[in-house]
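**Student:** Below are the structure tokens for one structure; questions will follow.
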């Protein structure tokens, strides 16, 4: 193995041509089926918010920010997977320079991390709003996440000066730094844990010390619980990927089924992260249910739909405005 790596180092440059082999087709197809489905569902959730201005105004710096941000940061990997699937099933092995393949792979990994840590800016925002009782503009979450995104992009670019030429499944050869990949994974996990910690602190504060109007207090507790659940999802779906890193970094042998399938649970994050918080809030859950029941697949449930819609209009919509201060 050492001799092989020396040959790569001595004969390959960033301008060398590399390919994505046909042997990668089955794996990328499976990943695309999982990830692409979640991205499409996420798009539907974004449209759901946009078509309901009262919910958009209320949850813009919290749930909608995470939902829309997750969709945007999921697009680079989604388009890359689409391109590879179409090319490989057309029996064409995509060709590019090592520099291009390295850049695309590292950037898409970083944008995936950017999507996973979106709950952190929301947690920081709500900590100042709830615990510190400070008024912050809704764009505060965007600014915080912008700095986080820049950090991940820098980590991706550091693969060029700090990496080595290595054999890879997606790119036959690419410039890659195991140290930078470890930093990216650790930072993603650390920021998500920090978001959970902040949300737990907010939840404890609201339960013990926030003695406002009973109705407002209840909604603040609900939203805090929703944000806590949302911040835990990226950690839970990444556990198989973290376990798989033991094989990558330390050489531990894992079952082939685990390394080829279970790691893909991380691709569920674009859908599970936003939907978890949306379903945990009654105001949003009732409207989602109304949309679901009113679809053409449930034409026989119109009466139930109308009943749910009336309930939502009389009970949910007016109350949802209280979440803006929660």
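Positions of Cβ are set from backbone N, Cα and C atoms, glycine also.
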**Student:** Give the range, chosen from 4-27, 28-51, that TrEMBL lists as transmembrane segment.
**Tutor:** 28-51
**Student:** So, does the transmembrane segment (139-162) come close enough to the transmembrane segment (262-281) to give 3+ Cβ pairs below 8 Å, pairs being at least 6 apart in sequence?
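**Tutor:** By the criterion, they do not touch.
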**Student:** Taking a Cβ cut-off under 8 Å, which residues six or more beyond the ends of the transmembrane segment (182-206) line up next to it in the same chain?
**Tutor:** 109-110, 113, 116-117, 119-120, 122-124, 126-127, 130-131, 148, 151-152, 155-156, 217, 220-221, 224-225, 227-228, 231-232, 234-235, 238, 241-242, 245, 249
**Student:** Thinking of Cβ pairs under 8 Å, which stretch from 28-51, 96-118, 139-162 has the most of them with the transmembrane segment (63-84)?
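**Tutor:** Comparing 28-51, 96-118, 139-162: 28-51 has the most Cβ pairs near the transmembrane segment (63-84).
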